[in-house]
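Working notes, beginning with the structure itself.
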Amino acid sequence: MEPNTNYSPLDETQRKLLDELINTLTPEQQYWVSGYLMGQSQRAQNEATASPESEDQPVSNDISASTSDVATQEETSSSESESVSASDAEPLDVTILFGTETGNAEFVAEQFYDKLKAENFNVSLYDMDDFKPADLAEQQYVFVICSTQGVGEPPINALDLYEYLHSDDAPSLEGVNFSVLALGDQDFANFCQAGKDFDHIIGELGAHRMKARVDCDFDYEETANQWMTEVLELLTQIQNDASSSSKTIDSTAEEVTLDFEDEADTTITESNTTTPSEYYTKANPFQAKVLTNFNLCGSQAEKEVRHIELEIEDNDNTYEPGDILGVIPENDPVLVANIIQTLGWDAQADTEISDANDTTVNVKDALTHHFEITKLNPNLVETAATLFGNDTLTAKVADQDWLNDYIEGRDFLDLVTDFPPRTLEPKQLTDLLRKLPPREYSIASSNKLNTDEVHITVSTVRYQAHGRDRKGVCSVQLAERTEPGDTLPIYFRKNKNFKFPFDASTPVIMVGAGTGIAPFRAYLQECMHVGYSGDNWLIFGNQYRNHDYLYQEEIEDMQDQGFLNRLDLAFSRDSEHKVYVQDRLLENSETVYDWLTNGACFFVCGDKEKMAQGVSEALHQILVKEGDLSDEEADHYLKKMLKERRYQRDVY
């Protein structure tokens, strides 16, 4: 790669010689050279500090010597450098930047920070919101850990940095070394897109990609730890090389062993390998007893929404309004049986699952508890084409349009029915299917009021597609196969992006449709329990008032007691003209604008694609109309609200 001459301190001859040398080196050799030069520079600084007469002597920029010349210079100073150890060298400066929507990227970043600190690197950890974008060009080693939200968009806390790097003001990043860990979910389009965008633009701006980007699915832990381990090995090698100037440059770099390819041999070590039994996570869920499970909707309702109460008496985890409850589900036993029958397998035959211990279970157990079988994604179908031995499937997967169309609304049973495998064996499931993801729900209760309980509000998913009845994995398990007295494996997840202010000077506007009422029930319960009576406005929508007015008595009681100052309802099917929550916002645009300009926080919970988008468009219209703003100014106002956490969304 040609150095950017606009930012280089080298003259033309030096640049040409440097470029000629770089073009002959492998990536491993380039790292060795960078470490060697760093060591030379550090030694010069140390000598300048120790020797007063050297303070006025310039540090040489002459790196035009040939490889053999550099080796000779190194040998002449070997006696001096032999005493230099890794602990004597100035530690590398490492910067970790995280962009997070649900907290996963932040969790990984904190783990990575701990690993680097333990190895004595000079490491800084930044929420992207707290990092000055213009400072990126001054960093030595930068590691970006970023999730994706919406339709391939960066998290809210990553917006400033993302927009800056894509603007005309973006600086050259030559001299910066970087790698990106991207978090996402393969069930959604634009998988890991925000991380991919950061990786692309940072590289385009001239930074050196020291390790290729790694993309993580929802079960990110193992992949993330692999990436952290390999990056740590690279940094340690560079640090060691920088500390030992007695080494000579070997053009074949035989002594430098950096294995980028064989990930299977890397030993993954969790920073918290021993999880206290009282702290529960996805990997170590709490077995919660079901106390209550009933349908909130009327008998004539088109929907079924379950109210579920779980006992958490022996669980030391606490939660707040806005937090999330995760449930580890099971697949439908009928679907599992149909898959086994279609494949002609023995349900009791042994197979391995991909976990920390490569556990052996029977096929029925694997398909019930461990693998995702209700959704397809492009990667799964492409892998199936290599494993099934089905010529028709092999030919079709080359057509991307066909592939995208086929996976919509189909599951693993469809795949093995439409394209019968000739060669698939149970042991190959771990190569084909991804892990069964947990299902997460907005908590619908206040922990202060319900100290030993947690409540969730779950809409049961049932529909028809491609000639078959389909069922939501967890929602139908809860509706059809879960009774009071049963236990469910659960965990809690903090949701820092949906936090209520509990400040009398800050009004709160809540917009929820359907099960989006859940976090607002939790918030209002807490307001009542602690006696908080700030200004609260709820706008709730659903299909029919008589059947779908969830928690009606509770909500109206909260209003009567003064904990809910204003209540507006939108039931879309009660009249010929459908009315949605965004319509109620527009009808009350002047009041909404007054609340916003008086510092109100605006919360939205519910459907991402239609409801949340409609609410966003309504807010934009209100700002233009009532605030006399241009479209651009209204967009800027909403972005500012997002960054200030005055506009928060829990959408799905």
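Each position is counted from 1, following the chain as shown.
Cβ atoms are placed via backbone N, Cα and C, with glycine included.
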Practice task
Check TrEMBL: it lists R439, E440, Y441, S442, T457, V458, S459, Y463, G472, V473, C474, S475, Y652 as binding FAD. Then name which of T368, T374, T591 it lists for that same site.
Solution key: T374
Fill in the blank from the handout: Among S147, T148, Q149, G150, L183, G184, D185, Q186, D187, F188, A189, N190, F191, C192, the record's FMN-binding residues, the widest C-alpha separation in angstrom comes to 14
Exercise for the section: Taking only the Cα atoms, work out how far Y463 (FAD binding site) lies from R573 (NADP(+) binding site), in Å, as a whole number. Expected result: 20
Handout entry: Alpha-carbon distance [S572 (NADP(+) binding site); S442 (FAD binding site)] in Å
Key = 23
Practice task
Rounded to the nearest Å, what's the C-alpha distance separating S572 (NADP(+) binding site) and S147 (FMN binding site)? Just drop the number here, would you?
Solution key: 34
Handout entry: Alpha-carbon distance [T374 (FAD binding site); L183 (FMN binding site)] in Å
Key = 22
Handout entry: Secondary structure at Q149 (FMN binding site), reduced by DSSP to three states
Key = strand
Practice task
Give the distance between the Cα atoms of Q582 (NADP(+) binding site) and Q149 (FMN binding site), rounded to the nearest whole Å.
Solution key: 22
